[in-house]
Amino acid sequence: MTLFWQIAIGLGALAIWEWGWALHDKVPWLVPDILDPYFVSKPSEIYRQFLRMGCLVSSQGDWTLGTPGAFEKCIGRSENNLWIATYFTLKNTLWGFATGVSSGFVLGLLLGRSDRLSEIFYPYITAFNSIPRIALAPIIILAFGIGDASKIVTAWLVVVFLVFFNTFEGARAVDRDHINAARLLGAGEWQVTRTVIVPSTMAWLFASLTPAVSFSLIGVIVGEFIGAEHGIGRMIIEAEARGEAAGMMVAVFVLMIVGVILAAGVRRIQAYLLRWRPASTMAT
Amino acid sequence: MQNTPPRSRIEIDRLRKIFLAEGREVVAVDDASFRIDDGEFVALLGPSGCGKSTILNMVATLIAPNGGAIRVDDAPVVPGRPIAQVGYVFQKDTLFPWRTVEGNIGYALELAGVPTGERKTRVAEAIHQAGLDGFDRFYPASLSGGMRQRVSLMRTLIARPEILLMDEPFGALDTHTKLDMHSVLLSLWERERQTVLFVTHDLGEALTLADRIILMSARPGRVKADFKVDFPRPRDAVKLRETPQYAELFSKVWHSLGEEFAKGRSA
Ligand SMILES: Nc1ncnc2c1ncn2[C@@H]1O[C@H](COP(=O)(O)OP(=O)(O)OP(=O)(O)O)[C@@H](O)[C@H]1O
Ligand SMILES: [Mg+2]
């Protein structure tokens, strides 16, 4: 039943998008201006544009997959076609995610377990955290150039704080009794860290992974908006410059798919690594 | 026949502990003294809040006393320096939730660097002794309270501590599960005859398990009386309760204990 409504709503929205504008001249009060295909294109047009941008049909309108070599030729013609752009965006997102998560985790652990360090760094962290990270993107592009590095740094910057704060909280919340139990069972300082503090902090880290991967993608796209050679963000900017609503929409849809796949992947890893938690507290 | 004097394993001498709670001083333990000999099973009995856990935590080096001395195997205890031959079973559930039954029980062996092969055998044996066969790969979250307590017990016992501190390990269990656990503990103890200091406020439990009952007064905790429990061993946790000797000793200690509970309420 739920599925029925989900499909019905989806099809309904697509139908309004596709044909709604046709009613605009007759009943203008019913159809808002935003449905103008000049801004939002139309599903059918977006689909055709997707086939062209993805080199699935040639400029003549034939399927490339039927003709040997046609697909490669089409791909070779452009510096930033759909596949290359997706590859670069995905790659930089994952790098930003990986570096942000690992450095945020280590920093959070260090400061969370040391009252001295956390006292010293507290004002700096609060100050930095008050800056909207995206505001730094132009500076980063200036400093690191328009290549991959600047995108990774931007993504890292948005991810690292999120992960840091979660890990920090988690490191403070480690159960004293677990530490005592480990000590009395013979654990030394380092063994306590490795076998108690890290695993119990992990639970908090994981709670931040799903937002972290989305943040990383946002960081990369913003970086690409400002200056890039490849990537879906650049693709959107180019389409905008040519006034191609369909092109922008294709890029947005690809981003949506990328985002869904990344989030689902992270959730699977998370569910596996947190399998020891009782089902009722799996909410995060 | 010559009698060698029994070796002292735990000695507590005029131990004091004062806590500061919201600007107020709480005397938790006041001049408590006792001695436990090798192989003795001693129950520390007293009303809630009389400082039983505090004494155990001091012996286990988790907190520092404000006065007096503790000696384990004739060596003074230094707070923060756990003693290798002492094992502690906590009042609270302190199993590592991210480790399986197997992982929790084998933890101490892992720390000690026992080779995987030997570790596996010893863990499997411990799981069997605790009656947890088939639950090796379960996480604590999916075990019952009684099972978790058995895992806790084996996690401590696997390192073969000669001295065992137990803080109301079965306090949260229902009567049946508790009796069950008494049988498990007694049969394990019969084999190794560890020196045990067992905290409880359940008189029946103390009589079932111990050779001696040290009765503590209501807060501030001090030692009020020391009873010998000379029921023959090996004991049957259930049948023992039906003997007249049990009933007699029960009522004797009960009166003493009753006075302390009454004091605890009026304090
Ligand atoms: N960390 C602490 N800070 C302040 N007061 C404490 C602390 N730990 C214990 N106390 C106080 O010391 C007294 C003795 O506590 P303790 O936990 O040793 O009692 P207990 O005999 O183990 O009681 P129960 O049978 O309920 O476990 C109590 O009044 C308690 O409030
Ligand atoms: Mg207690």
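Just so it is clear, glycine is given a Cβ too, placed from its N, Cα and C backbone atoms.
A TrEMBL annotation is a machine prediction, not a hand-curated record.
According to TrEMBL, the domain 'ABC transmembrane type-1' annotation covers A:86-267.
Sequence-distant contacts of the transmembrane segment (A:93-112) (same chain, at least 6 residues past either end, Cβ-Cβ under 8 Å): 118, 121, 125, 148, 151-172, 197-198, 201, 205, 209, 212-213, 216-217, 219-220, 258, 262. Residues or ranges marked as transmembrane segment in TrEMBL: A:93-112 (among others).
A Cβ distance under 8 Å defines the sequence-distant neighbours of the transmembrane segment (A:124-146), meaning residues of its chain 6+ beyond its ends; these are 111, 153-154, 157-158, 161, 164-165, 218-219, 222-223, 226-229. Residues annotated as transmembrane segment in TrEMBL: A:124-146 (among others).
The annotation transmembrane segment is assigned in TrEMBL to A:152-168 (among others).
Summarising the annotation, TrEMBL assigns transmembrane segment to A:203-226 (among others). Below 8 angstroms of C-beta separation, residues 89, 92-94, 96-97, 100-101, 105, 108, 133-134, 137-138, 140-141, 150-152, 154-159, 162-163, 165-167, 169-171, 173, 232-234, 236-237, 255, 258-259, 262-263, 266-267, 269-270, 273-274, 277, 284 of the same chain, each at least six residues beyond the ends of the transmembrane segment (A:203-226), sit close to that stretch.
Among the features that TrEMBL reports, transmembrane segment is placed at A:246-266 (among others). Residues 40-42, 45-46, 48-50, 53, 82, 85-86, 89-90, 93, 209-210, 212-214, 217, 221, 232, 235-236, 238-240 of the same chain lie 6+ residues outside the transmembrane segment (A:246-266) yet bring a C-beta within less than 8 angstroms of a C-beta in it.
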